[in-house]
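Q: In case it's useful when we look at the structure, here is the feature table from Swiss-Prot:
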type: BINDING; residues: 80, 121, 122, 123, 153, 154, 181, 288, 370; note: thiamine diphosphate binding site
type: BINDING; residues: 152, 181; note: Mg(2+) binding site
């Protein structure tokens, strides 16, 4: 449903940044109010990321007002906060389609708009990319400006500091804006800091500063005195020492919701040379009281009525796989005081809220630091404890070297609880868990499990926790199948699958939660179905039996076909000289766009109907 733009008269005048820059500066506060209301009304009808965007309205307006986008390059880290950017860059009328199949991408996306300089989704990439662009802009000599906007969560990642360290060394012209919405980090926001920011970014101060450096460069004691005096002035009111040490000129913190002050400061900073760092303070969920009070709950929202001041409650029903994992942690920790659970900033998403409250001494949130999370688990395993790393499939990619070098080579008992495996839906290409089976299957010592339902997931988590070596249990986003969950723990025999349905001629080997679809297709085909359970090691005895008793084998998995479980089946059969045709069903060799999980399964032929059709087509060849 498209919103009536006539209710937002100032916003109606700013469909693009070129139009925005024609507005008088005194109209910008009104524009921000209308943009914030428009964003709230739009996302409440479409679902999507809300609280982050509400907090960056003034910053977005100020950036596009001051900088000549898209010639000047603006990079949003992660991209949750970029909805106002999309609204102001010609995509206002398409906002109702965001995160939907065929609609606007959930994050800034290069293919979608010339204003989206960098395709994003994972955190902490913006400063590295911005530095690369700044180096090229400097070589081209076109006076192109480059700006990176990064949040206080994303900046904690090592990659961000690696980039800032390098930027301070090469000294290219670029601006990093820290969007800080954690008031505990810096509370001194107000008139003094706004005034100081203007002073520190103004022409008089910068000319004295740069001139003083040149004039006094041959007199080290005096130069040091000037520097220390400047740092003393700034240190009284700003927490910028770290960024200065990395080679940035630090300015702030300033009020990120005062659009006029932002414009003044950005205009000053636009002309500065070398790496600049602007620290702004914002409130996540700004302007909508329920989101201000619960920014985590309103980070990503379903459709809701803003007038009700609350989000719709889930209808209960089948538990999510994330909750299955969270319950397992609590039940297991009651038996095992040496269980240690680690998450890289995904407490809520991974179902660990209850565990973090009931077992705080056994819970470790390492922030956005996947590499550290994995090697922290290594140290805990060496120390005689039983670590579990709870991580999304797409984010484990960031800790791949540590998985090999720090866990698998030493054959340490670290279990990886891999959430969001397979297609996650609305977050699109950057978040689909399409590759974990492929990138783990080639690692020696790994035991890899793929449950078909929620009870199997619980028992596999127990199996992995008890296994004296590296293991992984991968499970999808969303709810289970309604299978009864056994409270008692039962360790599964490593590398053993199970026969679920006996048929003839065709055998379907299911890895993971496509088992229900496979069974439905098998009814129409009178096919045999096996729940393989283990991707590594494969149940070789069951494989031989199925190959001997059937004409065709079909493998199905919610992972890339290339290098996945089905590829492992073919490798084994070729090694054993078992010459039977094999059809691999799974995710194709492309990055898969957004849509609901159901829509994507149907499109890719991985629902029951699609599986049946694919098998019939293969048999007809």
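Cβ from N, Cα, C; glycine included.
Given the structure is predicted, the values throughout are model-derived calculations rather than measurements.
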Q: Return the residues near residue 153 (thiamine diphosphate binding site), defined as same-chain residues 6+ apart in sequence whose C-beta is under 8 angstroms from its C-beta, sorted by sequence, else 'none'.
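A: Looking at Cβ-Cβ distances below 8 Å from residue 153 (thiamine diphosphate binding site), excluding near sequence neighbours, one finds 123, 345, 367, 368.
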Q: For residue 80 (thiamine diphosphate binding site), what is the tally of other C-beta atoms lying within 10 angstroms of its C-beta?
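A: The answer is 25 other Cβ atoms.
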Q: Hey, of 122, 181, 370, which of those binding-site residues are within 10 Å of residue 152 (Mg(2+) binding site), Cα to Cα?
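A: Cα within 10 Å of residue 152 (Mg(2+) binding site): 181.
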Q: How far apart, in angstrom, are the most distant Cα atoms among the thiamine diphosphate-binding residues 80, 121, 122, 123, 153, 154, 181, 288, 370?
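A: So the binding residues stretch over 33 Å, Cα to Cα.
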Q: Among all chains shown, work out which of the binding-site residues 152, 370 has the most CB atoms within 10 A of its CB.
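A: The most densely surrounded of these binding-site residues is 370.
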Q: Taking the Cβ of residue 122 (thiamine diphosphate binding site) as the reference point, list residues of the same chain whose Cβ is under 8 angstroms away and which are at least six residues distant in sequence.
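A: In sequence order, 78, 394, 395, 398, 430 meet the Cβ cut-off.
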Q: Let's check the environment of residue 181 (thiamine diphosphate binding site): how many other CB atoms sit within 10 Å of its CB?
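A: If we count other Cβ atoms within 10 Å of residue 181 (thiamine diphosphate binding site), we arrive at 22.
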